Amino acid sequence: MAAIDEPLYPIAVLIDELKNEDLQRRLNSIRKLSTIARALGEERTRKELIPFLSENNDDDDEVLLAMAEELGVFVPYVGGVEHANVLLPPLEALCTVEETCVRDKAVESLCRIGAQMREKDLVEYFLPLVKRLAAGEWFTARVSSCGLFHIAYPSAPETLKTELRTMYGQLCQDDMPMVRRSAATNLGKFAATVEAANLKTNIMTIFEDLTQDEQDSVRLLAVEGCAALGKLLEPQDCVTHILPVIVNFSQDKSWRVRYMVANQLYELCEAVGPEPTRSDLVPAYVRLLRDNEAEVRIAAAGKVTKFSRILSPELAIQHILPCVKELSTDSSQHVRSALASVIMGMAPVLGKDATIEQLLPIFLSLLKDEFPDVRLNIISKLDQVNQVIGIDLLSQSLLPAIVELAEDRHWRVRLAIIEYIPLLASQLGVGFFDDKLGALCMQWLKDKVYSIRDAAANNVKRLAEEFGPEWAMEHIIPQVLDMINDPHYLYRMTILHAISLLAPVLGTEITSSKLLPLVINASKDRVPNIKFNVAKVLQSLIPTVDQSVVEKTIRPCLVGLSEDPDVDVRFFASQALQSSNQLNSS
């Protein structure tokens, strides 16, 4: 009897758990559906488990979401693609629930299953499902149906294709804005499956209806459709159908629609080609750059470089540059920040002369901006300007501002400068670097903010890699020798960290003669944090130095630390000794 009952046990547990009052238990059982399906076998999964899930009327969205997700990968557990249709009823029910994320996940799972189904099964089972949802009494079903048309359409017979196009057109004119929004969102996917002849007639008619919708939330989704449809149409059709819509949208009364146009305009330029871009889209873009809503200007400013690349330098200087100058002194710090993040990319587009005359003054004003994010965005892209104007001009015009920023009161700005220093060093060369920036690099090791000190230690290592051990011996080691005796223990810890990073770069000889004595000396420090960091540094030095040095100097020091009164010091010292023993034995 027990042997007969055993296969029933998992389904009994599942049913029990699914009806449990405890949400977590219900969730756990749903997430174990695949395990239970494997235990039941394909046939019982189809005949018992799936019908049970179809009838499950759990009202908790988390459980329903987990179910929608699980069913999307359930095809192998019901016997493969020939039985995939049994998964459709529970997912169809989930497509009608009120919670948006459950419906979205159910649609995603249906699309995944539909993509695997055989053509005859799609016609027999999937198409009727789409039609039922599209004609659903409750708006949630109609919203979900919009995301399924692109799966159903390609395998539908010709008569049904006409019906599907008509249904989609009706959904785009639905009374409920949520349905129209869903139709607008999915139009691009559906259009990609429609034949070219019907694309120009049916789909473009549907699209034009959406572009004139009274709800701005529908119109702004139609803007996304512009880019998707633009890629499907021939350039001349694009100019006829899409271009006028874009130009109108760029002057739409709703700032949200104009914001979407500013975001999508670059993709649309690629679709319509260079000539219409120059004649129609440049004026539209200039309007957006000067929009009275800051959000629209932010979106437009972020595309300045991309837009300039598809224009000739003359057009960019004539139309875009005046707007860029205005935006660099915009009243909104977020607009200036968006501009600063991309403006450096304009230098290669405009060429050397225009960059020096027109862009450099803008860079300098943004580098001195009161808002730290603006300064940060400029600093992080300096290399793009360097390639155009050369290091001499860059250093004369921008270096004083960089030095000023290295002492900025906002630590994130200082951090950005530190991360840029190695790149700057390689561009400036060793002589120039020592004169202007060398002192700064050592000064950062004593910064009040830990992230700055940590970045400064890494910076010193990267500079040693760039300029070589001899340079490090002359410029870094003497200052490290001074700082290891700093009265503040946090700064002494930073130096220990810097030593552990420098050792592999400087090699065995310099490490053994110059750095190791400093570390050994620090093991006598009165602060336990310093001592256990010494143990960690010594552990990192073991692979770098000769075995004889390990035996004579490092091990005795670690043995001493392993008997320290502080428990953490003893722990790290023992760990280092263990690591040394393992290296010996290997």
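In case you wondered, yes, glycine gets a Cβ from its N, Cα and C as well.
Going by TrEMBL, these are the annotated features:
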type	residues	note
REPEAT	10-48	repeat 'HEAT'
REPEAT	164-202	repeat 'HEAT'
REPEAT	203-241	repeat 'HEAT'
REPEAT	242-280	repeat 'HEAT'
REPEAT	281-319	repeat 'HEAT'
REPEAT	320-358	repeat 'HEAT'
REPEAT	359-397	repeat 'HEAT'
REPEAT	398-436	repeat 'HEAT'
REPEAT	476-514	repeat 'HEAT'
REPEAT	515-553	repeat 'HEAT'
REPEAT	554-586	repeat 'HEAT'
| For the repeat 'HEAT' (203-241), DSSP counts of helix, strand and coil? | 33 helix, 0 strand, 6 coil
| field | Cβ-Cβ under 8 Å with the repeat 'HEAT' (203-241): same-chain residues at least 6 beyond its ends | value | 165, 168-169, 172-173, 177, 180-181, 183-185, 187-192, 194, 248-249, 252-254, 256-257, 259-261, 264, 267-268, 270-273, 276
| said: Is it possible to list how many residues within the repeat 'HEAT' (242-280) are helical, extended or coil according to DSSP? | reply: 33 helix, 0 strand, 6 coil
| task | Take the repeat 'HEAT' (476-514) and count its residues per DSSP category (helix H/G/I, strand E/B, coil), listing them in that order. | result | 33 helix, 0 strand, 6 coil
